[in-house]
Amino acid sequence: MKFELDTTQGRARRGRLIFDRGTVETPAFMPVGTYGTVKGMTPEEVRATGADILLGNTFHLWLRPGEEIMRKHGDLHDFMNWQRPILTDSGGFQVFSLGDIRKITEEGVHFRSPINGEKIFLDPEKSMQIQDSLGSDVVMIFDECTPYPATEDEARKSMQMSLRWAQRSRDEFDRLENPNALFGIIQGGVYEDLRDESLTGLVNIGFDGYAIGGLAVGEPKPDMHRILEHVCPQIPADKPRYLMGVGKPEDLVEGVRRGVDMFDCVMPTRNARNGHLFTSEGVIKIRNARHRDDTAPLDEKCDCYTCKNYSRAYLYHLDRCNEILGARLNTIHNLRYYQMLMEGLRGAIETGTLDAFVSDFYTGLGREVPEVPELVD
C-alpha cells in the first residue's frame with residue numbers, strides 16, 4: 001500500500017491509498033460487509049454507489065465460514081466476488097461487545113461462541129493468521145477496545161496491554177511474510193496523555209497507517225472531537241488516519257475537518273433497513289404516513305438508482321408490505337448518500353472551499369455550523 005497526500009485545507013486532507021487491487025480516494029467511507037456481504041447488495045451494486053473499499057469482519061468470518069473454506073476459494077475477495085481493496089478489523093471490538101461471556105488475559109481472549117457456545121481462544125497471533133487467510137489489503141492489529149466509561153487507571157492498563165498486543169501482532173504479521181498493509185490502533189479512552197503514550201509506542205513499532213480506536217463507544221461527542229483534535233496532528237503526516245466505527249454524516253464531516261482520512265460504520269446500511277434514510281435535508285423516516293402519497297424522490301440532489309427511479313410513496317409501500325426490495329433500495333440510497341458526501345468533501349478540499357461546503361451541509365440540515373478550534377498545525 002502507498003499513501004499519497006495531495007493537498008490540505010486546515011487539517012483536512014485530500015489524498016489516496018494505492019493498492020494492487022485499486023486506488024481508494026481519501027477521505028473515504030468504507031461500507032461494512034460483516035459476513036462477506038453488504039447486507040442485501042451485490043458487489044456490483046455496492047461499487048455503483050461509489051465505494052472503493054469494503055470492511056470485512058475477522059471475528060465473524062472466522063466463526064463462519066472459517067479459514068479452511070476461505071482458503072479453498074482463494075481469499076475473501078474471491079469468496080465474495082469483490083476484487084477491490086478490503087480492510088478487515090481484528091476481532092477486538094467484537095470480543096469487547098461479547099460482555100460477560102468473555103475473559104481477557106495477557107495471552108488473549110477466552111470466550112464462548114455466540115453461535116453454539118463452543119469455548120474459543122483468540123489472541124494477536126491468531127488474528128494475524130485469520131486476516132492473512134482472508135487476504136486483507138489492510139490488516140488491523142489485535143487490541144482491546146477500552147470501554148466507556150473507564151477510569152484513567154483502567155484505561156491505562158487496557159492501553160498498555162494493547163501496545164504489547166500491537167508488538168505481537170507486528171511480529172506475527174512479519175513472520176507470515178504478509179505483503180499487505182498493517183495498521184496500528186491508538187487507544188487510551190478520553191485521556192489525552194494516554195493517547196500520546198499509545199501513539200508513541202505504536203510509531204516506535206512502526207505501522208503503515210494509524211487508526212483511532214475506542215471512540216463512538218458511548219462517550220459524549222465533545223470528548224470525541226477533543227481527542228481527534230489532540231491526536232490527529234501527532235500522527236505521522238505521511239500515514240493514513242482511520243477513525244473506526246464512525247458514524248453519522250455530521251461525524252464524517254467533523255472528522256474530516258480534524259484530519260481523518262478513513263471511516264467505516266454500519267449506520268447507512270442498518271438505518272436503511274429500519275427505514276431511516278439520509279438526505280441533503282436531513283433524515284427521512286419512510287415509515288411515516290406522510291410519505292404514503294408523496295410522488296417525490298427521497299432527495300432531488302441524489303443521483304442514486306433509487307432516487308432516479310422511485311418515489312417516496314413506493315418506498316413507503318414496500319416498507320409497509322415488508323418487501324425485501326424496499327430494504328435494498330433504501331440501502332442503495334443511503335450508501336450513495338454517504339459516498340456523495342465524501343466526494344463533496346474531497347472536491348471541497350481540492351478547491352479550497354471546505355468552509356463553504358460545510359456551511360451548505362449544515363444549512364441543508366437546518367443547523368448551525370459547529371464551532372471548532374483554529375485547526376492549523
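Residue numbering: from 1, along the chain as shown.
Backbone N, Cα and C define each Cβ position, glycine as well.
For Asp89, the entry in Swiss-Prot reads active site, proton acceptor. Annotation for Asp89 (active site, proton acceptor): same-chain Cβ neighbours under 8 Å, separated by at least 6 residues, are Leu55, Gly56, Asn57, Thr58, Phe59, Met140, Met244.
The substrate binding site annotation in Swiss-Prot covers Asp89, Ser90, Gly91, Gly92, Phe93, Asp143, Gln187, Gly214. Residue density at Asp143 (substrate binding site): 31 other Cβ atoms are found within 10 A of its Cβ, drawing on all protein chains shown.
As annotated by Swiss-Prot, region 'RNA binding' applies to 245-251 (among others), with the evidence given as sequence analysis. The DSSP breakdown of the region 'RNA binding' (245-251) into helical (H, G, I), extended (E, B) and coil residues amounts to 3 helix, 0 strand, 4 coil.
Secondary structure at Asp264 (active site, nucleophile), as computed by DSSP, is strand. Positions annotated as active site, nucleophile by Swiss-Prot: Asp264.
According to Swiss-Prot, the feature region 'RNA binding' maps to 269-273 (among others). Panel annotation: around the region 'RNA binding' (269-273), residues 31-32, 38-40, 327, 330-331, 333-335 of the same chain, lying at least six beyond its termini, place a Cβ under 8 Å from a Cβ of the stretch.
The Zn(2+) binding site annotation in Swiss-Prot covers Cys302, Cys304, Cys307, His333, and the record cites sequence analysis as its basis. The Cβ of Cys302 (Zn(2+) binding site) lies under 8 Å from the Cβ of Thr279, Ser280, His333, Arg336, Tyr337, Met340, each on the same chain and at least six residues away in sequence. In this structure, Cys302 (Zn(2+) binding site) belongs to neither helix nor strand by DSSP; it is coil.
Using a Cβ-Cβ cut-off under 8 Å and counting only residues 6 or more beyond its ends in the same chain, the region 'RNA binding' (245-251) has close neighbours at 93, 215-217, 224, 263-265, 267, 278, 337-338, 341, 361-362, 365. According to its DSSP assignment, Gly214 (substrate binding site) is coil. Each of Val95, Phe96, Met140, Ile141, Phe142, Glu144, Cys145, Ser162, Ile185, Gly213, Met244 belongs to the same chain as Asp89, Ser90, Gly91, Gly92, Phe93, Asp143, Gln187, Gly214, is absent from that list, and has a C-beta within 8 angstroms of the C-beta centroid marking the substrate site.
Once Cβ contacts within 10 Å are tallied over all protein chains shown, the binding-site residues Gly92, Gly214 are led by Gly214.
Note: Gly91 (substrate binding site) has non-local neighbours Asn57, Thr58, Phe59, Trp62, Leu122, Ser127, Ile130, Phe142, i.e. same-chain residues 6+ apart with C-beta under 8 A of its own C-beta. Among the residues Asp89, Ser90, Gly91, Gly92, Phe93, Asp143, Gln187, Gly214 said to bind substrate, no two Cα atoms are farther apart than 15 Å.
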